[in-house]
Amino acid sequence: MTEQSTSTALEPAPSRASAWLDALTTRLLNASGDRSRLAAGWHTFLVFGIKQAWVCLFGGLMVALLIATYLWYPAHALLPRYDALTLAAVLIQIILVRLGLETWDEVKVILLFHIAGTGMEVFKTAVGSWIYPEFAYLRIGGVPLFTGFMYASVGSYITRSCREFDLRFSHHPPLKVTLALSAAIYGNFFLHHYWFDLRYLLMACAAIAFRRCWVYFRIGTVYHRMPLLLGFFLIAVFIWLAENLGTLSHAWLYPSQMQGWAMVSVGKLGSWFMLTIMSYVIVTLVSRPRLPLSPR
């Protein structure tokens, strides 16, 4: 990663909790001033990890709930486990809005993730790609409604990252290009069951579209950058890890896991990579990509 320092004021204004965390991380970064370059680098990486944990709060809580309910939720409770997860997800979403961690405009975009994700889940379970082995009252077909919030948590992560890290971009492809790519990716999730699987072609198109795009993210008062494609891949890796925890907790299962749990195929990274791109493009509808700030 390369660095670009600036002291220009940033927008939009953070919530009180975000401002407190920003002040804390700035103090932590300042505490590394007398350290060696290597130690200061690790210190910056630690602060980066803290902020990453903060922005993926929704997703982290959802994964924690999957594990906790698998281990401790009563097997014969009047309220099925899946329905408890749905109600908990709604409560988390309300709290995030009330605390100012998400705006109503962002919630509207996150709702698109919920709708798109649930629609894909209904189709995928119908064709046997995976199943939800437990009963739920709150469901559409064989899909419990908490699943839409799993997709929404990805949208929450990206929208909050845009604000908390003040994401900025250079050489970003035009919106009409990214929207067309996103629509093709979503369509392929359905069409490949009946036609050719275009995932590798779509990956190549994504690589071409974003080949020159860099994302700039702020840690303290310093901007760092990396290729946006690398960012997409790293998000896909963490989604894949979360999916392994989800299947380990029997929230859903693939056919290969019916006789005993096994890790989700690494090949699923390709699907999550494309889903990440589609999710990012949806977020750009409300949070348009901004150019990097120029040093004074």
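Every residue, even glycine, has its Cβ placed from backbone N, Cα and C.
Any TrEMBL annotation is an automated prediction that lacks curation.
Given the structure is predicted, the values throughout are model-derived calculations rather than measurements.
Record features, source TrEMBL:
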| type | residues | note |
| --- | --- | --- |
| TRANSMEM | 53-73 | transmembrane segment |
| TRANSMEM | 79-97 | transmembrane segment |
| TRANSMEM | 109-131 | transmembrane segment |
| TRANSMEM | 137-154 | transmembrane segment |
| TRANSMEM | 175-194 | transmembrane segment |
| TRANSMEM | 200-217 | transmembrane segment |
| TRANSMEM | 229-249 | transmembrane segment |
| TRANSMEM | 269-287 | transmembrane segment |
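Residues 57-58, 61-62, 65-66, 69-70, 73, 103-104, 107, 110, 132, 134-139, 144-146, 149, 152, 156, 251 of the same chain lie 6+ residues outside the transmembrane segment (79-97) yet bring a C-beta within less than 8 angstroms of a C-beta in it. At the 8 Å Cβ threshold, with sequence separation of at least 6, the transmembrane segment (269-287) comes into contact with the transmembrane segment (200-217) through 3 or more pairs.
Beyond the ends of the transmembrane segment (200-217), by six or more residues, the same chain brings 4, 161, 165-173, 177-178, 181, 184-185, 188, 223-229, 231-232, 270, 273-274, 277, 292 to within a C-beta distance below 8 angstroms of the stretch. Outside the transmembrane segment (175-194) by six or more residues, the chain places 116, 120, 123-124, 127, 202, 205-206, 209, 271, 274-275, 277-278, 281-282, 284, 288 with a CB less than 8 A from a CB of the stretch. Among residues of the same chain six or more beyond the transmembrane segment (137-154), those with a C-beta under 8 A of the stretch's C-beta atoms are 56, 58-59, 62, 80, 82-83, 85-86, 88-90, 92-93, 110-111, 113-118, 121-122, 125-126, 131, 235, 239, 246, 252, 275-276, 279.
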